[in-house]
Protein chains: 2
Amino acid sequence: MIYNAPVKEIRFVLNELAELTSVCSLPGYEDCSVELVDAILEEAAKFAEGVLAPINKQGDKGATLNDGEVTAAPGFKDAWQQYVESGWVGLRAPADFGGQGMPALVAIAAEEMWCSANLAFSLAPLLTLGAVEAIHHHASEELKAVYLPRMSSGEWTGTMNLTEPQAGSDLAQVRSRAVPQADGSYLVTGQKIFITWGEHDMADNIVHLVLARLPDAPAGVKGISLFIVPKFLVNADGSLGARNDVRCVSLEHKLGIHGSPTAVMSFGDNGGAVGYLVGEANKGLGYMFTMMNHARLGVGVEGMSVSERAYQKAVEYARDRVQSRAVGSPDPAGVAIIKHPDIRRMLMTMRSQIEAQRALAFYTAAALDRASRHPVASEAARNQALVNFLIPIVKGWNTEQANELTSLAVQVHGGMGFIEETGVAQYYRDARITAIYEGTTGIQALDLIGRKTFSEGGATARALLDEARATAEKLAAAGYASMASNLQQAAAEAERCVAFILGTFGTQPQLAAAGSVPFLKLMGIVLGGWQLGRAALIAREQLGEDGVDEDFLKAKIITARFFAEHMLPQVGGLAAAIVDGADSVLELDDSLF
Amino acid sequence: MIYNAPVKEIRFVLNELAELTSVCSLPGYEDCSVELVDAILEEAAKFAEGVLAPINKQGDKGATLNDGEVTAAPGFKDAWQQYVESGWVGLRAPADFGGQGMPALVAIAAEEMWCSANLAFSLAPLLTLGAVEAIHHHASEELKAVYLPRMSSGEWTGTMNLTEPQAGSDLAQVRSRAVPQADGSYLVTGQKIFITWGEHDMADNIVHLVLARLPDAPAGVKGISLFIVPKFLVNADGSLGARNDVRCVSLEHKLGIHGSPTAVMSFGDNGGAVGYLVGEANKGLGYMFTMMNHARLGVGVEGMSVSERAYQKAVEYARDRVQSRAVGSPDPAGVAIIKHPDIRRMLMTMRSQIEAQRALAFYTAAALDRASRHPVASEAARNQALVNFLIPIVKGWNTEQANELTSLAVQVHGGMGFIEETGVAQYYRDARITAIYEGTTGIQALDLIGRKTFSEGGATARALLDEARATAEKLAAAGYASMASNLQQAAAEAERCVAFILGTFGTQPQLAAAGSVPFLKLMGIVLGGWQLGRAALIAREQLGEDGVDEDFLKAKIITARFFAEHMLPQVGGLAAAIVDGADSVLELDDSLF
């Protein structure tokens, strides 16, 4: 199951669409340069192709639990060791605690390749980095000194313990308790579910970040605190001490990502797990939000990455498989199925959406870097608003489409796609979680229409649509008629929806919410079309230059045109459903479903 | 994992939309009546709910192969015994050989329930009935007398052996051979793959229908003959004789329908499997087409049935699961998630499409009955044209949507949807095969634009769109403004696409083929919307009558309106892609994917 990291494409998106040079010029990223990033991409690609991709299929067999101890899937422990030795864990970890402090934009490009190669594996570093981010921003210097260096190196991994059986995404319902002890630590008790890489044998220690309530905490989300609960306690000299009172009581039997053990974790079965308060009491939820942006962006990239891998597999099969005469040909000899128009339509559907998703995700990552580092406050704020608006779209759209795109990859394989040995079914199964965890698409969409659109009077939405229209004008001037007119029309439909949301959310929020997911998808399509329009214009310009890869640039333009002609027209139907269809979403009595 | 057969809904569609009474009045169906069908539906529902649904989940563990012998999944053999004793196998088998000779319309209604309850199980009778149909239409009286009574009873099951490893859907490539013997039988050799229920322990004998070539056969599809190859030879007195030289060499490890063993079958490893020619030599492919219509309609029903089961599960979860405050409510208390607008949108999306698909499938089944039995030749011919046109749409649209609708059911469950124990992931996996087997959606769509649209100058397509417009006028008169205008507009877009196909298929078939699957989906949506429009008008009329179920009828109208406001607007985007987007499907060089 070969994976070819699309380094040329990634480089194009980084340099041209996300403007890497300007990110490298931000304060604190002085060490970053296009040349360094090129080298990082080459090495990350090699690692993805050579180490992670080959063990992805065997990872599907899953980790195993014996008496509270989880053994990672075959080959994973060794791959982790190599990953750690190569220094990959700390790529975007803070430089002051042993990380490399690279921009989010660079990290996300490497993360794409690792996720494509092996989604289940890549969740271990992604979760670890999330924990690093939370600790770095909110924990005391003491705790940072103990935990960050060894998490940034990958010697220890990290987890997020949020969900409880009764509480799904509704963290107001969290019941786990933490009782203060005389020495300043806490004793944590409770049960957490869906803990990704909650227990395994790849690292010496596992640092759980756990949401729990203090005895006197107020009800709801304002009474949640964040604790560090290590699997092994850490002695004063930094060596590992006693086993903490936290254990894995079972592993979930899941539809996909079998290589990543999803644990039910029990804290305090024997009196209480020792934990350490991160930051202030009752502020845990806010601390979680700190890492939410990168985490949600990361999951959006996961969805796109699995689609990319599935696309590659489908292309390979479509080139090799000979079946049926060419449509309309008198010659009865079979041809490679890539010659069949519907196979091409499926491949172009995958290809064009993946390129649009990558462009939008990387553009968002660059905005994330600018939001946190830009020296001009107004620019930082503008970029923060972009991040806020774009993250739910990248998370929601990329992952919803991952279900459809990996399904197309199965379809290209015909009957062979349904046979597990073929391998493409694994991508279909693995992708399915991405639209669910880190906030379902419904949660992303509510966030998008409420805090990200209504609360700011649609300012960012309209600014982005203005940019899309400006690109459409340039496309028209360049002679790309269908791209120009379809993007203009789609932007106009999007405006209509923004106006509808602004007009309803305040007084009749149920009407706005009824079309929230269609609105998220609509914005994904419009903004994806905008990014591909930008890409086509840049490719057109570069085509006149010396030494360029003409095939690559021409393919970019064709792909952008396909997206404009096949995806952008879907916007009209979505807008109609959003603006004219809200009542019929809400009308049926609950009892009549 | 409860299943509630939607008998009231099925009865409404049978009686009102598919006009059961008129089907029962066709020659040869005199024994059929609304009362009898009611009784059949009640019993079929009981069997589906009480016997088949409870073993569906354990069926997911799969059948096992030991030394060429397959043991069906736990509970399946016993269920088959009960199914046989209840006489269900022969419901639509010819009455002159022990079947009950019920119309396709009645059979398809019962089959829906069995497929919803247990798709993997239901494939055994479906394949058996396909074999019965082929034998009944084409085999000699002698062969019929030996095989049909015991297949119609379910004492023996049947299979279809078409696919070979090198040949997928391209039957021109079939290589299996059959050599005539002195006694009039043949010795068959070759390997067949993807043989559903190819080997199992539920019945005393398995009757394989096998495509193979005679030694002097011409190349391509004109050299394929059809053979009966029983697992056990049948003695002159009807008792079972020697084991034939055919065996199961392996079972596929599949994404879904684990309960149905998918076998690799080897014929003639020890000299040749004894087979009997069905009908004339070299006419096997045509004979296969005999049963193709019912089989493809059946698979369309399978897709819809799995969606129905997934929908029921999602509704149940959405009613039970309490999470998060109501959108816009100041009360922080969690509510059942069915109150959340996006959950309702997902449920309505499933519900409305399932109702549209059922209506279209049953309408097609009634046309199938009229095509074969209508005493007026012109009416029979008109119905045959309807069947020809509608079958690829029902097969393709219902099954493509099954992927999406079962995915929505997973999504409604949030994180629990990804956990296999929840059960909904099984529906997602099971559904995935339906858009592949019995001809992929791409194959259906090529058939639709070529033989079913272009070859008849678009006559049936336009006749159906005329009917849709007539319904739209009635909807307007009834005050259903959005249903009327959206259906009118969708029909107009569909006309545009028909004109495009008629204008291109003859001279530039690649352009027509590029949009063939979007055209199939577009027709599914338009005709589904037409059927739901009809349903709404009938429901509106019945609402004035005494003793009707007002809730049921009102829900019908709301559901039709949702479909009109959310699905019909998608037609514009599809039409744009079909008419304006063909070039960009074909443009990219093969090497640049």
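Numbering starts at 1 and runs along the chain as it is shown here.
Placement of Cβ uses the backbone N, Cα and C atoms for every residue, glycine included.
Note that the structure is a prediction, hence the values are computed from the model and not measured.
The following features are taken from TrEMBL:
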- B:39-155: domain 'Acyl-CoA dehydrogenase/oxidase N-terminal' (DOMAIN)
- B:160-268: domain 'Acyl-CoA oxidase/dehydrogenase middle' (DOMAIN)
- B:282-447: domain 'Acyl-CoA dehydrogenase/oxidase C-terminal' (DOMAIN)
- B:465-589: domain 'Acetyl-CoA dehydrogenase-like C-terminal' (DOMAIN)
For a three-state summary based on DSSP, what are the helix, strand and coil counts in the domain 'Acyl-CoA oxidase/dehydrogenase middle' (B:160-268)? 7 helix, 52 strand, 50 coil
What are the DSSP helix/strand/coil residue counts across the domain 'Acetyl-CoA dehydrogenase-like C-terminal' (B:465-589)? 103 helix, 0 strand, 22 coil
Report the DSSP secondary-structure composition of the domain 'Acyl-CoA dehydrogenase/oxidase N-terminal' (B:39-155) as helix, strand and coil residue counts. 81 helix, 6 strand, 30 coil
Can you check how the pLDDT averages out over the domain 'Acetyl-CoA dehydrogenase-like C-terminal' (B:465-589)? 98
